[in-house]
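Q: Input: one structure, supplied below.
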Amino acid sequence: MIKLNHINKTYPNGFVALKNIDLEVAKGDIMGIIGYSGAGKSTLIRIINRLEEPTSGTLFVDGVNMLGLKQKELQMQRQKIGMIFQHFNLLSARNVFDNVAFALEIAKWDKKAIKPRVDELLELVGLSERASFFPSQLSGGQKQRVAIARALANHPKVLLCDEATSALDTKTTKSILALLRDIQRRLGLSVVLITHQIEVVREICNKMCVVSDGAIVERGSVAEVFAAPKHPITRELISFLPQDEGHIISHLKDLHNVYKVIFTGPYAHLPLVSQMIREFDVDVNILSGNIDELATGEVGHLVLKFIATDDKRDKALSWLKEQGVSIEDLNLMCQNTDSIQLSQKIESKAV
């Protein structure tokens with residue numbers, strides 16, 4: 001549905017916002033693009049509907065070469081791409097009905113067709129009873145629902161969400177995400193969602209990529225990335241070790257024989273550790289554990305300290321891997337993290 005190849009963006013002042021971006025979003029995907037402020041996320045999503053122009057690269061949406069379109073053709077194609085923003089962008093002098101109708105007026109819909117379409121959209125987002133309300137009379141969540149209805153007005157195939165929940169409280173965020181998920185399923189939309197909130201990715205997305213310093217540093221299914229984040233930025237964003245685990249590990253004098261065991265999908269609820277203990281006659285201390293509920297399933301984490309010979313431990317770990325479980329040696333991982341931090345300190349001093 002959406003395909004970007006070798007996309008670069010350099011501004012006239014020389015600032016490089018995007019570096020060789022390759023990204024593909026399939027029909028029906030909810031792709032979460034996450035990163036810290038200034039990473040290039042918003043530039044990337046604005047290139048998809050050409051609110052920003054790339055310096056180089058190719059961009060296709062629904063098989064159409066977006067960069068080869070003239071202005072009138074671009075306007076027609078943009079009707080297939082809905083977009084919602086952090087700050088709603090509603091017209092204060094228009095009521096809810098007229099804010100949604102505005103998108104249809106711009107697209108030159110027949111006047112007789114506008115009312116039934118707006119009524120349909122307001123029912124979809126749960127605002128039928130507030131059609132005559134003005135933006136000043138709405139809560140933040142209600143304003144975003146109006147913005148969603150407006151973005152869907154022209155039957156788009158793609159929905160772009162630029163920090164759509166970052167101005168909302170936690171409860172309202174959950175309701176908006178539930179609405180977006182329901183709409184995506186009903187309409188079969190492809191959704192690209194920009195956020196710095198990992199909870200948003202966990203709640204709604206099936207795919208994700210991590211952007212840092214203008215480049216995609218990690219990508220994959222949400223379950224894969226949450227289970228085994230590889231890049232240091234990803235680990236920071238998803239809190240690779242929850243606070244309780246980090247606290248426990250920081251107080252361990254010796255990380256030898258300490259492993260993180262990651263269970264995904266159906267494995268999250270199987271008694272594999274107890275089976276392993278019986279099968280291989282090993283003693284194990286469970287230092288911490290948790291289960292993350294994702295939009296596509298669950299990911300469970302246990303931090304285990306083995307009290308066993310190296311041979312028994314290795315056989316037990318091999319058996320766990322054969323059951324579909326991922327294993328991470330925290331001793332080795334902490335050593336690698338220390339090396340990265342040391343390199344960063346050396347580089348910063350050199351600068």
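FYI, residue positions are counted from 1 along the chain as it appears here.
Yeah, the Cβs are placed from backbone N, Cα and C, and that goes for glycine too.
Below are the features I grabbed from Swiss-Prot:
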BINDING   G35, Y36, S37, G38, A39, G40, K41, S42  ATP binding site
DOMAIN    2-238  domain 'ABC transporter'
Q: Can you check which residue among the binding-site residues S37, S42 has the largest number of Cβ atoms within 10 Å of its own?
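A: Result for the most crowded candidate: S42.
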Q: Identify all same-chain residues not among G35, Y36, S37, G38, A39, G40, K41, S42 whose C-beta atom falls within 8 angstroms of the centroid of the ATP site's C-beta atoms; report them in sequence order.
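A: Same chain, not in G35, Y36, S37, G38, A39, G40, K41, S42, Cβ within 8 Å: H196, V211, S212.
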Q: Name the secondary structure element type, per DSSP in three states, that contains S37 (ATP binding site).
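A: S37 (ATP binding site) sits in coil per DSSP, no helix or strand.
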Q: Long-range same-chain neighbours of Y36 (ATP binding site), Cβ under 8 Å, sequence gap at least 6?
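A: Same-chain residues close to Y36 (ATP binding site) (Cβ under 8 Å, separated by 6 or more) are H196, S212, I233, L237.
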Q: Which residues does K41 (ATP binding site) neighbour through Cβ under 8 Å, counting only same-chain ones at least six apart?
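A: Expected: I33, I34, G35, I194, T195, H196, V211.
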Q: Can you tell which of G35, G38, G40 has the most other C-beta atoms within 10 Å, given these are the binding-site residues?
A: G35
Q: What's the number of neighbouring CB atoms sitting within 10 A of the CB on A39 (ATP binding site)?
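A: Excluding its own Cβ, A39 (ATP binding site) sees 24 Cβ atoms within 10 Å.
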